[in-house]
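*Asks:* Below are the features listed in TrEMBL for this protein:
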- 29-64: domain 'EF-hand' (DOMAIN)
- 65-100: domain 'EF-hand' (DOMAIN)
- 120-155: domain 'EF-hand' (DOMAIN)
Amino acid sequence: MVELKRSSSGESKFRSINGIILKFPHFKEGLKEIKDVFEQFDEDSNGTIDRDELKKCVKKLHFHAKDEEVNDLFDSCDVDEKEGIQFNEFIVLLCLLYLLIDSSSSSGNTPKIGSPELEATFNTIVEAFLFLDKNGDGKLHKKDVLKALNDECPCEKSPSHVTRTRFREMDWNRSGKVSFRQFLFAFLDWVGIDTDDEKGRLRATTTPQPN
């Protein structure tokens, strides 16, 4: 899916990691509307999307997929295996679904998965992945990520401990290879898209109340 985006958009427009970091506020703003989409399909308001709710979501988005394919998508994004897609997992799922829709539809008949701003945000996230994918095989390799973070623009070279930490945050199983899905989850943590509301609720439940 990502490689199809590469072939249609050419090389990544990013030239340094700082260029990506400077886009973080744009990413965060562009992904805000997903909260409304999430709440729309979370019919029982329990804070997660179950399999039946996901099937309704896919159907409403006019994405023609077999139940087996939808279940595979669910399992791929339900990283804590609690049989429910939480908000940050839903962002990843929606981005993957957007790539699936875009790659399986003709250019003149592509179903919309959100506003033009949201689709532009997804495209820019793909550009960030392509910037790090130096050998173009759809996986992020440690040496290639370090090269992308340090060599593309030497004047903006990142400290070695920072680049190593960033790669560890993506490489969950320590295989030395990072998929687009793993990148997405780590990227959302870096941007902080799902932290503000959670922190607010945590403070509200842990702050001692006056007598």
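Cβ coordinates come from backbone N, Cα and C, glycine included.
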*Asks:* For the domain 'EF-hand' (120-155), what's the mean pLDDT in this predicted model?
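*Replies:* The answer is 79, the mean pLDDT of the model over that range.
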*Asks:* What is the number of residues in the domain 'EF-hand' (29-64) that are helix, strand and coil, as DSSP sees it?
*Replies:* 20 helix, 1 strand, 15 coil
*Asks:* Mind tallying the domain 'EF-hand' (120-155) by DSSP state, helix then strand then coil?
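*Replies:* Helix, strand and coil residues of the domain 'EF-hand' (120-155) number 24 helix, 2 strand, 10 coil.
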